[in-house]
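Peer 1: Just dropping this structure here.
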Amino acid sequence: MRKLYCVLLLSAFEFTYMINFGRGQNYWEHPYQNSNVYHPINEHREHPKEYQYPLHQEHTYQQEDSGEDENTLQHAYPIDHEGAEPAPQEQNLFSSIEIVERSNYMGNPWTEYMAKYDIEEVHGSGIRVDLGEDAEVAGTQYRLPSGKCPVFGKGIIIENSNTTFLKPVATGNQDLKDGGFAFPPTEPLISPMTLNGMRDFYKNNEYVKNLDELTLCSRHAGNMNPDKDENSNYKYPAVYDDKDKKCHILYIAAQENNGPRYCNKDESKRNSMFCFRPAKDKSFQNYTYLSKNVVDNWEKVCPRKNLENAKFGLWVDGNCEDIPHVNEFSANDLFECNKLVFELSASDQPKQYEQHLTDYEKIKEGFKNKNASMIKSAFLPTGAFKADRYKSHGKGYNWGNYNRKTHKCEIFNVKPTCLINNSSYIATTALSHPIEVENNFPCSLYKNEIMKEIERESKRIKLNDNDDEGNKKIIAPRIFISDDKDSLKCPCDPEMVSNSTCRFFVCKCVERRAEVTSNNEVVVKEEYKDEYADIPEHKPTYDNMKIIIASSAAVAVLATILMVYLYKRKGNAEKYDKMDQPQDYGKSTSRNDEMLDPEASFWGEEKRASHTTPVLMEKPYY
């Protein structure tokens, strides 16, 4: 049996090797290791010519700005490079033993770095107004915040009122406008709770005790179950005050209510529904708005600080280019620009409302006539009752570039794919902190990626492509900017980029195969479309990689099963004998999503703040 096992195991390894490396097949048909897409090479056809920026003709930026960019084409992928010929023009600048060819793969060296700025992906919900999820409480559907990233500097402004939204909601005989949005006082106190208080409260909870302060605050708010419904997945949002180190649970999930039909701005009418809106205000700089879904690794995957000496751009075949079509506003400083971006960012606020009796009118009538059914049928936020439940999924004008010299804020809704090194700019997002900045532009990114790609190709071609005279072939990637001009393998003398703190050089004499359209979309130029005709327009197919992974996994599983069967038969037999003794196995572990005690809401048998809804529909009395 052991011989059989060895034979099968060796066969499995050989099968795996054949799948991944092949026996004489064309190596360019297989993906790179640790890369989603293999970077094959096509015949080099890029003869030096006078450099032209491939941006749309309506682009108005100065040439020196464009030269500092590094952008990538995300939807143009490699094709076969069999029969690639060296470019004579490129050989002249290098030693006689080097033959330089240019890859046709338009990859993006910024992909990993820029992942956190793909807000639709990393946040996945509204920013200005976040109501991206629905949840049921006691048989009624509600909307609630669901963004996966913290929103720094976000708060709620109550119109024509000195009441802060972090004040507890009105209870008992208080007028509506005497209260804010936060949880009412409880015994023991659950909101606001200090950071040290939360640490102490969850010190024995392995899942929570070591979380950072923002994630801990989010989980603490999610510990409260509305309306004694332990099966509900409704979780309250929260705001963390970084200055006071306190976590405030928000009793009201609504973030916007404006217009005469829905609220009354008259301060004298204290018991009417108040108007409010989300904002990034000076007084909110220490606040961070949190949903129940904030990920515990947000520091790695979400943007926080603004990027100094940088502006967002689009990767366009080897260089990062300006985004040609933006909305430009005046802004005195970074804070004002960040505030403008936030105001235009993704929003889940409903766009349609009932034609007759509105939600807020129902609420007011319910209070006035003590009609509990009217209160129960209504629901914050505005328009959620018989109205559209619009979800932005994070799509909006979420990015901006602030020019410190011209005091202009350039806002756009296309996902940036790279950064331009420019000493005049600060790159910001709607999620980012309104004033915090970091200055650590990755100047060596291009050089490192160029060297990595050249080394990767060299390993693949090995000695097979060396000619009889011992000349060495170099496959240069399509990266035409670097802080090391020799690494560019440029057929002409690279030019230094102006306003660059990294001292970048750009190669302008290699023809670019992509350009930016009028809607900020990067596309392959018309004359090169035939070469990329068989390549998917937006994303590469990963069928081959999936087959390889699945086959390798199957072989590994087979080998593991054989090993277990041959060497642990006796141990397994003993375990099978115990199957009739369930008492020996103990209790099952609880689910992670039930890790917090639902009774920790501290309400006990006392009357809750609301018996009908997770948000303010009737005044609780204590």
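From the backbone N, Cα and C atoms, a Cβ is placed for every residue, glycine too.
Sequence annotations record features per position, and here Swiss-Prot assigns signal peptide to 1-24 based on sequence analysis. The topological domain 'Extracellular' annotation in Swiss-Prot covers 25-546. Per Swiss-Prot, disulfide bond is recorded for CYS149-CYS302, CYS217-CYS247, CYS263-CYS275, CYS320-CYS418, CYS337-CYS409, CYS443-CYS502, CYS490-CYS507, CYS492-CYS509. The N-linked glycosylation site annotation in Swiss-Prot covers ASN162, ASN286, ASN371, ASN421, ASN422, ASN499. Marked as topological domain 'Cytoplasmic' by Swiss-Prot on the basis of sequence analysis: 568-622. Residues annotated as region 'Disordered' in Swiss-Prot: 577-607.
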Peer 1: Going by DSSP, is CYS409 (disulfide bond) sitting in a helix, a strand, or coil?
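Peer 2: The residue in question, CYS409 (disulfide bond), is strand (DSSP, three-state).
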Peer 1: Taking the glycosylation sites one at a time (ASN162, ASN286, ASN421, ASN499), which has its Cβ surrounded by the most other Cβ atoms within 10 Å?
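Peer 2: Comparing the glycosylation sites ASN162, ASN286, ASN421, ASN499, the most crowded Cβ belongs to ASN421.
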Peer 1: When DSSP is mapped onto helix/strand/coil, what comes out for CYS217 (disulfide bond)?
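Peer 2: Reduced to three states, the DSSP call for CYS217 (disulfide bond) is helix.
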Peer 1: If I take the alpha carbons of ASN421 (N-linked glycosylation site) and CYS247 (disulfide bond), what is the distance between them in whole Å?
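Peer 2: Distance (Cα to Cα, whole Å): 38 Å.
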Peer 1: On a simple 10 Å Cβ count over all chains shown, which one of the disulfide-bonded residues CYS418, CYS443 is most densely packed?
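Peer 2: The residue with the most neighbouring Cβ atoms within 10 Å is CYS418.
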Peer 1: Using a 10 Å cut-off, grab the number of neighbouring Cβ atoms around the Cβ of ASN422 (N-linked glycosylation site), all chains included.
Peer 2: 26
Peer 1: So if I draw a 10 Å sphere around the Cβ of CYS490 (disulfide bond), how many other Cβ atoms end up inside it?
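Peer 2: Total other Cβ atoms inside 10 Å, all chains included: 23.
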Peer 1: What whole-number Å value do you get for the CA-CA distance of ASN422 (N-linked glycosylation site) and CYS492 (disulfide bond)?
Peer 2: 24
Peer 1: For CYS263 (disulfide bond), identify the closest of the recorded positions ASN162, CYS217, CYS247, judging by Cα separation.
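Peer 2: Closest candidate to CYS263 (disulfide bond), judged by Cα separation, is ASN162.
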Peer 1: At a 10 Å cut-off from the C-beta of CYS409 (disulfide bond), count the other C-beta atoms across all protein chains.
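Peer 2: Around the Cβ of CYS409 (disulfide bond), 26 other Cβ atoms lie within 10 Å.
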Peer 1: Please report the DSSP secondary structure of CYS509 (disulfide bond), reduced to three states.
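Peer 2: Assignment for CYS509 (disulfide bond) reads coil.
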Peer 1: Need this for a regression test: recorded positions CYS149, CYS275, ASN286, CYS409, CYS443, CYS492, filtered to those with Cα within 10 Å of CYS507 (disulfide bond). What's left?
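Peer 2: Correct set: CYS492.
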